[in-house]
Amino acid sequence: MTSSVENRFLVIISGALLIVVAPLFALFLVLSSEQIAKTQAQHLTALVTGSGQALTKPLWDFDVEAIGQVVDSLVSDPLVKRVNVRDTAGLFDIVRDAPGIESDDRLESMTRPIHYKSLNGSKHVGWLEIYFTPVDLFSAFDSFNIMLCGIFLLAILLVCGAAVVGNRMMISRPLLRLSAAIEATRTNGSRHHVDWSSNDEIGRLAASFNDMQTALEREERELKWAHEHTTEIYNSTPAMLFSTDAAERITAVSDYWLLATGYERRAVIGRRFVSFLHENDQSFYSSRFGSTVLDGEPRDITTRFICADGHVMDVLIASAVLPATHSRPAASLSVMTDVTELRQSEQRNRRQAITDHLTGLLNRQGFEQALSHGIVAAEAAGTELSCLFIDLDRFKAVNDRLGHATGDAVLRQFVERLQTVLTRGEIAARLGGDEFSVVTSGPDAGEHGRTLAAHIVSLFDVPFLADGQEIRLSASIGLAHYPHQAVSAGELLQHADMAMYSRKHAGKNGAHVFDPSMLDDTLRRSEIETHIEQALKNDWFEVHFQPIHGLCGGGVRGFEALLRLRHPEKGLLPPADIIQVAEETGSIGRIGSVVLEKAVGQLARLSALDGLHDTYVAVNFSAMQFDPGLAARIAATISHHGLHPGRLVVEITEAVLMEDDPQIRMTLEEIARFGCRIALDDFGTGYSSLSYLNRFPVNIVKIDQSFIRASTDPSPEIAAKSRLLIEGIAMISHKMNCQVVAEGIETKSQLAILLEAGADYGQGYYFHEPMSLADLLNQFAAQPGTEAATG
């Protein structure tokens, strides 16, 4: 229940009149009474006044003992019948009667308010009331006293009326106007001013209120302008802006956001932003957004946004969060950027990064990723994988002979053929150069892998066609199976690679399945590679010489220089392993240069012995050594040691000539023109040995030791055929003006067969095993007059 200020003022005035006028009126009556009553009243008034002052400090301090002393003092006065002391807070009310008072005695009281004067002004702290037996005052009244009483009461009423009117004019009316202005501002939001002007406190209050309203109007205008300006910037910024609350509900979106997404504003506001995202991204976004709200750290989130027309847009969302406080909830401002083209570009770049540009297959990086994923999937499904490592045999020779463009065309043709045998969704890749790999999966992956390898090998039965030329190749394939032979992608590919090299060492053109023993072979191969590098660095390579004898004259006609690697701890290492690894790693060229230099240089030392002045040295050359500078290096080496070019025989195998490389043909012709002789080693083991005698400048034909060994085979049929072959080779070679050297002569009967067949020279353990230079010098120095050949 509310009360007006005026009513409260009336209550206060009335109370004040009751408190102040009543004692005055009583005093007036006392003064109007007879002298006794006047004296008694004066005495009592003085008593009340003095006691009231005495009680001021105790009442302020709540000193009950001191109050009790004052009360006891009052009660001891013969006129006082009862004393009552109470405080304004109602904490205590002390009443004490004088001795001998009866309950039916008619008593009157005299009350005095007690005020305490402090630095802040006078404080009303309580009342002092004394009771006494009254004198019959009314008997003392006369008309004069009644008139005085009336005048006194009329004056009091006039004063009260004037106070009420003044309160209404000076306080109530301006307060009503101020209240009305405040209420209008509260209910209507308008800024009303108070129409009041005065120089008192109310006037200053009204002026302050009006100034406050004016300031608020100005601030509201500025805030409104700022909001409109911010909204204009928000909507005109060429970025997809949106704002959300702590529950991810959209509270605002920019015009550009609406334009880019195709939605209307009314369909967006209040809707959770996550509902616009692809269903697979919603939980991820909510968790990331929740973390952003909790710690206030900005985060970039990439997700998929579904536009109004249904198409999916890849977006990058960067959010700034205003953390929640006790007075406001959390909110966020986000920028959404369309990164669809960027993602597509990244995907294109990724595809390019993992794609072989020549064949369109995966490259090594892409294949290793696919293989890793395949292993994870196979493990989850409890199935198997089979990895095929494919290497094209003799492809490097094709590339070098016919050019990279032709080689690339061959690779593309191979991939086209490969696609025809990939029928179960196998993954194929070009690992680099002429190396490819295929992985297949399934419960029968092992068996299917072997079948697939056989199909791939058969792809090479038909020659490739490039630039009008038929190109015959083959493939060496290694297989490894998961999980039986490998537990990781890298290990699986490595084991398949080992199996491929095993197939190459076994003769190429086929497939081998990985076997744990291949790990030892790989370790041994790695060890040999290390030994080769150490030998090249520390000069561990030696040349051993096997004498070549004239079968008719019996003397030493020349020497074959044979490579040896003498390890300081392991001694001589098997030369076949050294040569095989050197050809695979490409270090055969550097080794060949060492052998050539030592063979020619040491022949010069052998020439100092009697009977060896005109002997020659035959040095084996690999196809990899036939670069454009080989002939010049040979010429420089011979000239450096002062030898005649005819004393060097360049030995090549049929495998070198099978490459049919124009560079090899050109180099051989340069060597022949320089004066060196050309020997065709292992004759008869190739596909078209006879054609080489016609196409290349061959001077010497070396019959392979397999024919020599078979000529004395226990089987008469084999022995007879071998002899016929030896006779045929010797006859054809002589017809082509080529000398014939027989390799691997071990028995006297083999020597007799060769003499009968017409062979010119021979070498083998029957005559001499390969010897170091020192051993050779010692042996021939002890045999003076050794017969030498004339060429």
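Glycine residues also receive a Cβ, built from the backbone N, Cα and C atoms like all the rest.
Over in TrEMBL, the protein carries these features:
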TRANSMEM  9-31  transmembrane segment
TRANSMEM  144-165  transmembrane segment
DOMAIN    169-221  domain 'HAMP'
DOMAIN    226-296  domain 'PAS'
DOMAIN    299-351  domain 'PAC'
DOMAIN    383-516  domain 'GGDEF'
DOMAIN    525-784  domain 'EAL'
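If you take every residue in the domain 'GGDEF' (383-516) and average the pLDDT, you get 90. Helix, strand and coil content of the domain 'GGDEF' (383-516), in residues and according to DSSP, is 60 helix, 43 strand, 31 coil. Each residue in the domain 'HAMP' (169-221) gets a DSSP state, and the totals come to 41 helix, 0 strand, 12 coil.
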